[in-house]
Amino acid sequence: MSRTAHRLIGPEEPLWAPHHPEADPVSLHTLGFWLYMMSDALIFAALFAAYAVLDHPYNAAGGPQISDVVHPVAAFIQTVIIFTSVFAYSLAMVGLKAGNRAFVIGGLVAAVLLGAAFLGLELRDFAVLIAEGATPDRSGLLSVFFVLVATHGIHMVFGILWMLVMIVQVAMKGFTTAVVTRLLNLRIFWMFQASIWVCVFVFVYLNGAYR
Amino acid sequence: MLVHLQGAWNPWLGRLTLSQIPYHSPIVLGAFAFALLAAAPIVGLMTYYQKWGYLIREWITTLDHKKIGVMYIIIGLVMLLRGFIDGIMIRTQQLLADGPRSAAHLQAVHGYLPPFHFDQIYSSHGTIMIIFAVTVVLTGFQNIIVPLQIGARDMAFPYLNAVSLWLTAAGAALVMISLFIGDFSHAGWVGIVPLTELPYSPGVGVDYWDWALQLSSLGTTLGALNLITTIIMMRAPGMRWFRMPFFTWATLSTQTIGLTAFPVLGVALALLSCDRYLGTHFYTAGLGGNLMLYTDLFWIWGHPEVYFIILPAWGIMSEVIPTFSEKALFGYTVMVAATLSIAGLSWAVWLHHFFTMGAGPGVNLVFSVSTMLVGIPTGVKVFNWSLTLYRGRLRFETPMLWAIGALFLLLVGGLTGMMLAIPAINYTVHNSVFVVAHFHTMFLVSVFGIFAGLMYWFPKVFGFRLDERSGRRFFTFFSLGTVFVFAAMYTLGLMGMTRRLDYLYNPHWQALLIIQEFGIFLYCVSVFYFCKMIYVSIRDRAKEAHGQDVWRTSRTLEWMTLTPVPFYNFAVIPVVHGRDAWAMRRDSGLTATSPGDYEDINLPNNTIVPAMLGALAFGFGFGMVWRIWWLAGLSLLGIIGLVILRSFADDRGFTLTAATVRRMERNHEDTGIVTDHISPPVAELALFQ
């Protein structure tokens, strides 16, 4: 043999790690969920890239331009609402630290209501546009506008659904490891949706209205 | 909002009518008969020996990473066979339909396949081989081996692991069912736009392709985050980053690619679905669509996917070559750096798939240089493997044969790849079968790696070796087939034959086409020897049974476990003292597996939920393909409801007491095999008791 790459194991060195602790479930799930959020971020990255490609007067195909369909003031109200919702969720996290179930549930309910208000405004915006004839099948530009904003909206719907489940689980089970892990990960998810909305607000609404 | 389609539609069956079953096509009928003939004995034997319960309790519901990996590999090998049959059909059609005087058979004008059928076959060949054969088999290897190599008892998320498997299975099932109900995409495995758009592909073929890819891509993304978390969090004490076996490094690089690339495929396909279902204009040829948007998004996933396929195969080679050279891997650290840099570069080269699409000389230049940069770490790898072989004590057992075969193929594929990286050459041979021969050579590196891994790890998982004699013949015929098919194909490409042709206009290509067909015949012979190898090995399994380390010179931690591996992997987690942990123990005379002091082991219960999610995902996909809205809607609701329900179940898992572990391990010491078969109970069964 040309060379031995390794030393030999000495008699005093331990060979086994009996009762080796299993990986901490909270860190395990947090890392896994961060990785999931990374894949989610890539979904939005691809959609923003598609938006950048199709955000050209040419892609309006003679239909409404982006400045005709975005209402930055209404979107600003949505921005305020979604961040208030994140704030409410953060208050729930304060309640989690204190171990106060009612506090956590209260924060979650507030976050759900604000999230629903956000979605309500978005749906109303969509309804108005569609009534005006600015539908997703009108042009490539409108397609990507609707799909980008709606993808964010669908994420919001699942966030709200998740919060409703968590309200029940906190009430039923209290703060078990699984429930706490889910609350922590839901916080990441909810804040991430707010950050994505900032990008939507800047690149679609502000950039579209004032160019 | 929904696109209005012409043709029959009813609320119960959607677009599905009896005329969609292609019973008028003798080829499809033959395939159906073949599938029935293959399935009937299996179903019959399962029923006769009353093994359905065993199948459900031990396999369908399992969360054991090794069994999940085995199921991945079985799905992958079945799909490999299907893709291979597609390949035979393509080659045979081109042989028969060469020149204006070529004969007509069945319903074709030239050859035996009408153009629409031929187009479906090359589309399904590509889709199946890349997404459902090679990717799936390699995922299976990573599932089985990585937790063993890092000294873990399971994956980080065993339940999610099963969900990934069943999503992949649902995608594969959609591709398979498209053979018998409706048709498959005719737009190539890349889904050329705007051909995949509704006006040009009004049938269900593109939808089958779309949803099958979407489901399996979701499964792969979830699998990627699982493997990454496992590698980061679950390593045995003492296994520092640079003590990890090389295959684990390859997996980490691969899955990083998987996690970041597959979501982009998901978006590319979802936007296509929007076009086809909602009438949007992302990729349409008018009304503000952009065809290049699809091409870019697809290849931003597509090129990383190439490395997603090749890196694990290189990881397998990096395990097999040191074992059979009886040396440590040469330049381990450099190999790690090379693998990570290939993974990094994989995101920066996608445009070389369409140099001719008019991006301009500046852009082409950047992507040409970045593509050539990939050659540097790849070259480093080839030299490192060669230097591992150099002055090693070589043993040419079957895994080693495949690994060395892969090395040679990599040289050919890599050099032609460097040629294609030059835009000037690329313009000349663009869309010719030269390109096809190049990427087949590279995929065959992967396939050779897969067979190396199959021969190498099969004894670890099942406890007996594969028959060496038929294994060698399998290798010989497969390699010869490769030479005949692809040497001829490279030549044909340089002679100007373009790809995806159902009719060849040049009778002068006949000689080379015959050589190709002869190569295909050799492949068929090799498949016969593969089946014989499996049969003989199972027949003689008692004779070929062996202990924990069959090759006697293997180096990594998976060979420390009992054989076949008990479901808890390690009775006690080992301490790692350096790289090649098992070789260190062996050289120190510490091979005994018995740690003396056992402990209770807690593992998750089996559960039927992942398989149900897979079934619902299949229902969703099928419903979307045929526009059976109630089926798609109910399936989606079912998935959401099941996930929520499962989140309410606090599964405390299954505890194996120290006494049982001791009994199993002692039993192994006495008899040499794991005889005491215990596995976790199915959680849902408790509901019925």
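Quick reminder: no glycine exception, Cβ is built from N, Cα and C everywhere.
Where the annotation comes from TrEMBL, it is an automatic prediction and has not been curated.
On a predicted model such as this, the values are computed, not experimentally measured, just so you know.
Sequence annotations record features per position, and here TrEMBL assigns transmembrane segment to B:27-49, B:70-90, B:158-181, B:211-234, B:246-272, B:298-317, B:329-350, B:362-380, B:401-425, B:474-497, B:509-531, B:628-645 (among others). What TrEMBL lists as domain 'Cytochrome oxidase subunit I profile' is B:59-577.
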Check your understanding: Taking the transmembrane segment (B:329-350) as reference, which of B:27-49, B:298-317, B:362-380 has the most Cβ pairs under 8 angstroms?
Key -> B:362-380
Exercise for review: Determine whether the transmembrane segment (B:27-49) and the transmembrane segment (B:158-181) share at least three Cβ pairs under 8 Å, counting only pairs 6 or more apart in sequence.
Suggested key: yes
**Study point:** Positions on the same chain near the transmembrane segment (B:362-380), where near means CB under 8 A and six or more residues out
**Key:** 331, 334-335, 337-339, 341-342, 345-346, 348-352, 355, 410, 414, 417-418, 421-423
Point to revise | Ranked first among B:211-234, B:401-425, B:474-497, B:628-645 for CB pairs under 8 angstroms with the transmembrane segment (B:158-181) | key: B:211-234
Check your understanding: Average pLDDT across the domain 'Cytochrome oxidase subunit I profile' (B:59-577)?
Key -> 95
Practice item. Report, as numbers and ranges, every residue of the chain located at least six residues beyond the transmembrane segment (B:70-90) whose Cβ falls under 8 Å of a Cβ in that stretch; write 'none' if there are none. Key: 27, 59, 113, 118, 121-122, 124-125, 128-129, 132-141, 143-144, 165, 168-169, 172, 175-176, 454, 461, 520, 523-524, 527
